[in-house]
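*Asks:* So that we are looking at the same thing, I have put the structure below in structure tokens.
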Amino acid sequence: MKILGIDPGTARIGWGLVESSGDRVESLGYGLIKTHQATLPEKRLEQIFSKISAIIISEKPDLLAIERLFFCRNALTAMAVSEARGVILLAASQNKTEIAEYTPMQIKEAVTGFGRADKKQMTEMVKMILKLKEAPKIDDTADALGVAICASGCHKLKQRIEISHA
């Protein structure tokens, strides 16, 4: 199963693509989408939508997994990130890609075994799980790969439950 993990934002959107098969999860690539703060908000959203759509079209993931906005101290930031999440979800929906959403705590728990893990712990576990030569240098990309790893584990668990109830 091919999973596209997304760490949403407005200025920086991390993405990570993994292939999950059995107990194996491997990285197929990752990157960062950047928008400029001086750009009009609607144009930034258009750029995010366009770039995410292009990744979905070229990579054809079976699932898009995205971090759910849990809470935010700044209401304006929360609104902007929610708008970015909206266009990302729209891109997935228009391309008939299944969607899964996870809270930061769920992602940290799935990747590190500890729901309050810090960025360094997350990045190191992403590196270990995916057997990367070096850890992603940008937190947003490491977080996106973490979202994809979380989705991979949750999907495997869901399959096992479905099989046991069949």
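Cβ atoms here come from the backbone N, Cα and C positions, even for glycine.
TrEMBL labels come from automatic prediction, so no person has curated them.
Remember, it's a predicted structure, so these values are computed and weren't measured experimentally.
Per TrEMBL, the feature active site maps to D7, E67, D140. Per TrEMBL, the feature Mg(2+) 1 binding site maps to D7, D140. Taken from TrEMBL, the feature Mg(2+) 2 binding site covers E67.
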*Asks:* Are there any residues at least 6 positions away along the chain from D140 (active site) with a Cβ closer than 8 Å to its Cβ? List them or say none.
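*Replies:* Sequence-distant Cβ neighbours: D7, G9, R12, I13, G14, L32.
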*Asks:* Same chain only, sequence gap of 6 or more: which residues have a CB within under 8 Å of the CB of E67 (active site)?
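*Replies:* For E67 (active site), the qualifying residues are I6, D7, P8, E101, Y102, T103, P104, I107, D143, V147.
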*Asks:* Applying a 10 Å Cβ distance cut-off over all chains shown, what neighbour count does D7 (active site) have?
*Replies:* 25
